[in-house]
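*Asks:* Have a look at this one.
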Amino acid sequence: MNCVVCSGRATNRNYGAMSCFACKMFFHRTVYKNLLFRCKRIQNCTIHFKIFPKCRACRFQKCLIVGMTLAPLNDGIVSIGNQSDYSYAKLLDDLKFKNDKNYSHFVNFYSLEDPSLADILKDRGIMKLVKRTPKTLNDVDQWSIMMAYSRISYFLDFNFIRDLDSSDKNTLFKYNISRAGCLALAKCAFNENKPKLTFPNDVDAFPSEMYNLCGSSTAVLNQVSGQVIAKFVELKIKDEEYLLLILVMFCNPSISNDFSDKTKLALSSHQQAFCSALFRYCQINYSKSAPTRFTELLSLFGIVNKSVDNMNNLSMMLQFCEPKFQFKRIMQDLFSNSLL
């Protein structure tokens, strides 16, 4: 039998997965020494899993994906144990319930407040949500801040995320919220058969000032807006796959070298759990093609990263060329992300 990490010859079942001695010791050293690696190729080194993963970041990521773990999980919603059908089904039901509740708040409420990311992480009540009416203003500013707030609220509803150190939490959310928002809008556009990212009531995801800045080159905006949707269309991503993918993306311990040991361990163990659940879904629904489907789904992250990078660059250009134009404070925090 082959090692599920590197495809070499497996020696035994180590840390929950059939693996060779080298991968067993690599995983052991990485976890116990709290090592942190960074991939230079946006975590696409092992996208086909046909060659030995020389990139240590992707090698460790593969260890987590195939189920290697040293730490017990402490959050009920992802404690899926031995992947029994009951606990697996309960996980998906819980995620659907949380997502539906979150989306309902997103489309039915608005806020006139202008808090920073740190303000919201400290106290979500600072937003002072107001019920929408037919007379409520429909503009990109309102929808942008509500999208950011709804994504923040969604992730804060997980105990292990809410309990992270405040500094680590700020870094984690600052890096991920734009990506999570991009995925959420792309999923809605895919469901509604739309070619570009829009908020409810067909409000464009980009402010009119950005179209004015681009002039006749609006094709650039359309490309940025449509590239993630195109991947959704290509893969025909299901609701369950989307819900697990956003959590696999969010629980990435490698986005910062400054995370505490506690944060790295919490993110790694929960990312492994969500990866395992996603692979389980692929096994149930795609049978023998499950590994291929799984890697195709993970390839979405590279597209999202590229799209968010382009959005951030366009936003910075707009602020430079139009000094009087001001984004909401939380959007400024996300655009100024030094990790990008």
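Placement of Cβ uses the backbone N, Cα and C atoms for every residue, glycine included.
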*Asks:* Look up zinc finger in Swiss-Prot and report which of 39-58, 259-278, 279-298, 299-318 it refers to.
*Replies:* 39-58
*Asks:* In Swiss-Prot, one of 3-23, 129-149, 213-233 is tagged zinc finger. Which stretch would that be?
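*Replies:* That would be 3-23, per the zinc finger entry in Swiss-Prot.
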